[in-house]
Amino acid sequence: MRLTSREQQPEGKQIQGNSALSLSVSDVSSCCSDEVKFVTWDSPFDPENPKDWPRLKKWRITIIISLFAFTAPMSSSMSAPALDVISKELSIPTGLQTNLIMSIFLLAYSLGPFIFSPCSEIWGRKRILQTGNAVFLVFNFACGFSRTDSQLVVFRFLAGVGGSASVGIGSGVLSDCWGVENRGQAMSIYQLAPVMGPVIAPIIGAYIAQYTTWRWAFWSLSLFCILLQLIAFVAFPETYTPRLLHLKALRLRRSTENPDLRTEWDDKTLAKVLRISLMRPWKMLATQPIVQSLCLYQAFNFGMLYLIISSLPTLWEGRYSMNKGLASLNYLSLLGSFIGSSIFGPTIDSFYRYLTQRSNQQSCKKESPNSEIPRSKSDTEGVPEYRLPLMVPASIVSAGGIFLFGWSAQAKMHWSVPNIGIVLFTGASMICYLSIQMYLVDTYTRYSASASAASCFLRSVAALTFPLFAPSLFENMGYGMGCTMLGCICLGLGVPAPILLWKYGARLRRFSAFVL
């Protein structure tokens, strides 16, 4: 058991490893009765510490949280190919109200993390994750029984709130388990999941709508969630360090009969955490240039993804005269995000290690402080800017994919050409997405969940609004000019941000109240 006295504990800092004063169980009884002892890990390599768990166990946790993050977003687009059928059966006017059926899920998806993230700081990751998934599967199942458009919209909204739990705490789970030098590969798999879900879902939804009924699009997904819930109940442990130490302190109080054993998080209450955590993402959006610049670009890319998803049925079934099943196969071009993640996710880690090593070599040679590479923090840990080098070329390729998609669709070229544009856009935007998420986690560490919540809110708002104006955009400007405008915005947001952060990121972190 590792204990620290209040006098030895720096205010507001987590005590780990050799920073704590070590006491044995027998020392507790000899201490003054009015002195509170703080429980922490037994050693710098404690097997109860999630960061010291076996690698296989960490990957099991990563895969399970990624499956949660994959499943819920599927519901956002699984109904897209069947919107016309749903509209006819439920007598919903076409246009804005029809698109609202798909988009309302994303509105709830943007709000849920503000609830689930602070709750996980009280009750831990596991309980909140399973509670959110239970809410999602119940109301997603209820969507299949909807008889009116109002019922469907309400059920979709509630399902979106529950489904957002994995987004609200997923990055935190990976941060709990993985060290910064090995986090990239796990993060790339996890961050790929919520993008892959909406990509695969329309293909499944199209064939379900064509051969059965649109209601099975909701029922089948809920059945899969039940299976996932059972797996997580058995194979997904608690990972949140404060929660684990709190449980450890409870055990030690019983075994030593010492009521003065505490952790530094024991005074947390839900009201206090909610008050702080509900405000923190908004404060970060309002005051942090890092969050503002990166999350705005990330939101644009996510909005573009859903704009493409919502416009493909009209493009392929209308302009290219394909049937519903054949048209749905064009959604496979969205798997460019898988290429971007699987190939370049590990590459981001490789760049990080290379730049860290190079910075350390420069330090050993006592080079000028005006070196072009930001200075590394230690021999094994670099600076967050080492996550950004791939963002500039990826942003250019992403915009190029938008241009190619728009003008090839405008000219009604062979179906493969617009799909190549989509592959380029989704693959490159996934590289940017991973770089941004890793940068935010490395920068804000303990407050990374709040940064992720702010990012999730902007992404979901963009995903909600972009499909709503897509029909009028392409109708008035055409695919070519419409995508030209969007591609220029992509360049304007994506290229300057990493360049400026590479130069000024360290200075911004020094003046930030959210960087520990």
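Each Cβ is built from the backbone N, Cα and C atoms, and glycine gets one as well.
What TrEMBL records for this protein:
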TRANSMEM  59-76  transmembrane segment
DOMAIN    61-516  domain 'Major facilitator superfamily (MFS) profile'
TRANSMEM  96-116  transmembrane segment
TRANSMEM  153-177  transmembrane segment
TRANSMEM  189-210  transmembrane segment
TRANSMEM  216-236  transmembrane segment
TRANSMEM  289-309  transmembrane segment
TRANSMEM  329-352  transmembrane segment
TRANSMEM  388-408  transmembrane segment
TRANSMEM  420-441  transmembrane segment
TRANSMEM  479-502  transmembrane segment
Contact between the transmembrane segment (216-236) and the transmembrane segment (59-76) (at least 3 Cβ pairs under 8 Å, separation 6+): yes
Intrachain residues whose Cβ lies under 8 Å of the transmembrane segment (329-352), provided they are six or more past its termini: 181-185, 187-189, 191-192, 195-196, 198-200, 202-203, 305, 308-309, 312, 316, 322, 382, 386-387, 389-390, 394, 415, 418-420, 422-431, 434-435, 438
Non-local residues, at least 6 beyond the ends, that sit with Cβ under 8 Å of the transmembrane segment (153-177): 50-51, 53, 58, 61-62, 65-66, 68-69, 71-73, 75-76, 100-101, 104-117, 120, 125, 128-129, 131-140, 142-143, 146, 183, 186-187, 190, 194, 239-241, 437, 441, 445, 448-449, 452-453, 456
Per-residue pLDDT averaged over the domain 'Major facilitator superfamily (MFS) profile' (61-516), given as an integer: 86
